[in-house]
Amino acid sequence: ADTFHFTRASLPRNMIENSMFEEEPDVVDLDKDSTVVYEPRSSRLLVRGLGENDLDDEEEDYESSARLLGMSFMNRSSTHNPSSSPYNRQAPPRSCSCSSARMLVVGVFILVLVASMAMALYFLPGCTFTKAGCGKANSSTPMEPSYPNSTNGELFPWNELRLPASVRPVNYDLSLTPNLTSMTFTGRTVINMTILHDTKRIVLHSSELNITKATFQDKSVEVKVLEYKPWQQIAVSFPEDLKVGQVCVLTLDYAANLSHTYDGFYNSSYNDKTGAKRVLAATQFEPQAARKAFPCFDEPAFKATFLVRITREPGYITLSNMPQAKTTTLPSGLLEDEFEQTGVNMSTYLVAFIVANFTSITRNVSNTLVSVYSVPEKKEHTHYALDTASTLLHFYNTFFHIDYPLRKLDLVAIPDFLAGAMENWGLITFRETSLLVGNQSSPLDKQLIANVVAHELAHQWFGNLVTMRWWNDLWLNEGFATYWQYTSLMTEFPQLDLDNVFLGVRFKAMAKDCLNSSHPVSVSSQVTTPEQVSEMFDSVTYEKGASLLLMLKTTLPDGQFRKGLIKYLDNYRGSNTVTEDLWNSLTQVGVQESVSDMMRTWTLQNGFPLVTVSRMGGHVTLTQEHFLLSADNATHTSNLWHIPVTYVNDSCSSAPSCRQIFTLRNKTATLNVSDSVKWLKFNYMNTGFYIVHYGDEGWATLIDALKTDINTLTPHDRASLIHNIFALSRLGRVSFRQVLNLLDYATSETETAPLTEALSQLSSVYRLLDKRQEQRLVARMKVYIWGHFGQLMDSQDWGEEESVSRQELRSVLLEMACSLGRQNCTDQATALYDQWTNSNQTKQIPGDLQRVVFSTAAQSDLRWLSLMEAYSSTTYDSEKRKILQALASTQDPQSIVCTGLEGGIIQTQELPLVISTMSDGFAGHLLVWEFVKENWDRIIEKFPVGSYPIQSIIKSTTSQFSTQTHLEEVQRFFSSLKERGSQMRSVQEALETIRLNQLWMDRNLPTLRIWL
């Protein structure tokens, strides 16, 4: 059902779509002189009315909702009677002469009196001043809206960042001619559209495109295109209404430069095996960059079909979403490739095309031709991706009961690509490091490739087939794709050991979501500016979204989750959704309790709960509160969640059948257990998104149980306890002494999940102390780590290891051992590196050990130089990335970060990785912070404000500061940026984190000095 969902009845209560606020078409008569000038929003009240839509029976509800957004509604009568419209311009009164001086004085007095009254009324609190006066606060009679000026000085006929809902695109016919010598392109876009509401304007998006010609309907009739660059919008106005149901055609010719950043239609280059430079052009449109390649209605809900033609030189191939239909030789000698029209409606951000010199391998899977493309030199590295994609395509087709709808699926490795991958329908694009892997690479390297492929294939259903209506519900795309990447791989590739990775992902999501600067998974507040949209691509949207789906799945009866998802996909295939549509679909398949009631408490408020357990005999009291890390205690909320509390006890604690469940809806509830139960462990396997505090007695009992029999709890439950107690220490609910008491059991630990979590937490503490230059404590911390884990570190084998889980553990143990200078580790790593270089890199280093071996070698000047040579020459992308991390981990990393900004040997796409790696080291962390400050403007030229790379750079450079001096410095720098980044959520997160680091240090330094 390719319906266009803009009916008001389906709008969520917490979000009013633009269709409600489209102005009356005759607000501004563009044929007449106008004195209305554009003013900034902050300087005057902008009042919006229904305009082209009459108010329906739900007028009162929508009016209330609009008032919450600070908007006033048009009086119903004014929508029916043009003459009574407050928007109508009155002709100026004819001039007349006064008969006497007395009349003149009286007239002046009256004018002064009226003006005074008007001013008094205007400044009355809560008064909306309109032509009709001030009847009540926020009167439903609006004042005249203001409109911005177009680039040519004329009024632009729209004043919203979101497009009006009066026009729906049906089909795009795109013709593009890129020139890879001049790095420019020309294009023609023919848009077939239908009119949904009477309107005198068509408004759409265009950014950095020079529109050279525009025609409407009959191509011989040119129309004027107005442009408002700040909002990347263009418009065509008409003297008469375009009527409901009318079918229109707008043709736009344009020219532009290929983008030099990583979005839009951008140019890229690489050196082939002979050293020759090769150029290519590729696209990255998500979230809002299709408008940089062709004029379009660049919002997710404006779905349409697309027909693409690309002109190329004979030495290149072209790819787009659909299979190629034909190739035509043009008189110029160039070739025009035409692709089939899409058989599905697509959002603009999923359109893609590539012009390059790539080769491919292919396979037919369930009537779909699956291909993996790469530069010719790396063709032999594509086989694992093809195998993985083929297996997963079959899995998703079967599991969702809906076959992938296109005849082909291309996976393309692009040498210069910022994101990990992009799910364009039928043409998925990847970084080379996210798709290419040698057949001899380690299982751990293959795990990364499988993860990314699984994520992007899941998007073909969650995101492409069914798309969120707007970016505030981005989690419906990314949360699902993240959930399915782990679930599908755990089913189809159990040897890759994804359950441990998924556990770490849930811990990561909590680290962000426990801050004040976090946001709800489904954001009800405004997400409109490009920066706000970009910032939705974060850990809360991806990892928390996936974590909530796991919790829901494990809460529902067997099979209900799958049935509900199939219902959701079937109900909304080809259209757009909001979060409530998902809950309704799950409820429709027979779930007894309203899923919506439960899940709203998790998706509409930020953060997660802390469940505190207290026990008196057989009575167990559970109390919930918001787990909020705050440097002051003034911001705690009274939020409540519907928590599916799971638990096991000492009589049955490890098997899934042992799990019991209790729903905690209120602030406090009581659970009854047998008096004979010695201990309870809550949040079985850590499938719930909450933290548990057991109280002093409860923690002591659990610690004793682990010391008596480590296997009494599953490895995931042991990791959960370690994670929770460190989190509670950061909250100030337990002392660091209690943390160390729990870790005493870990001398007997051998499993990957708990050891990885323990070492990760200890490493964070170690780095904080190191950056604070607490040298005595740093030395003691090192002794503590060696005392607890040194024997396990020394016992690790340095040869080939098949188990992914053992590889994960070994790499974590040895990376910490070598970074702390443990002699046994550094000797082994150096010996392996020398064997590798002496054999001309033919004696392979096991993939999971490459990073520790390279990083250890990089501490020597001579070996650092040889690593730099290896970085330039290696064709193995996973190896190349680990070498880069090693080069950045040196004690003198300055040249690396500058090279990363310039591009060249080290691609600019790798700059966030370089900065993150440098920030971990003592030598690099201050240097890289200075670098970011000095080069901020150049950095945001490469990476958009609010984008994930910018979030990463801010977090990595500031998250280990813990002094007032650094807090003030960070605050001062970001405040000075103003519109260049000062308002980003990640800046607030950085400031919060520094304050919390300060607080943690103040609380725990005395304990550490005693106990380490």
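In case you wondered, yes, glycine gets a Cβ from its N, Cα and C as well.
According to TrEMBL, the features are:
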type	residues	note
TRANSMEM	103-124	transmembrane segment
DOMAIN	169-350	domain 'Aminopeptidase N-like N-terminal'
DOMAIN	384-602	domain 'Peptidase M1 membrane alanine aminopeptidase'
BINDING	HIS455, HIS459, GLU478	Zn(2+) binding site
ACT_SITE	GLU456	active site, proton acceptor
SITE	TYR542	site 'Transition state stabilizer'
DOMAIN	679-995	domain 'ERAP1-like C-terminal'
Fewest other Cβ within 10 angstroms of its own Cβ, chosen from the binding-site residues HIS455, HIS459: HIS459
The residue listed as 'active site, proton acceptor' and GLU478 (Zn(2+) binding site), Cα-Cα, nearest whole angstrom: 10
Euclidean distance between Cα atoms of TYR542 (site 'Transition state stabilizer') and GLU456 (active site, proton acceptor), Å: 13
Residue pair TYR542 (site 'Transition state stabilizer'), HIS455 (Zn(2+) binding site) - Cα distance, angstrom, rounded: 11
Sorted by sequence, non-HIS455, HIS459, GLU478 residues with Cβ within 8 Å of centre, Zn(2+): GLU423, GLU456, ALA458, PHE462, GLY463, ASN477, PHE480, ALA481, THR482, TRP484, GLN485, TYR542
The domain 'Aminopeptidase N-like N-terminal' (169-350) [mean pLDDT, rounded to integer]: 96
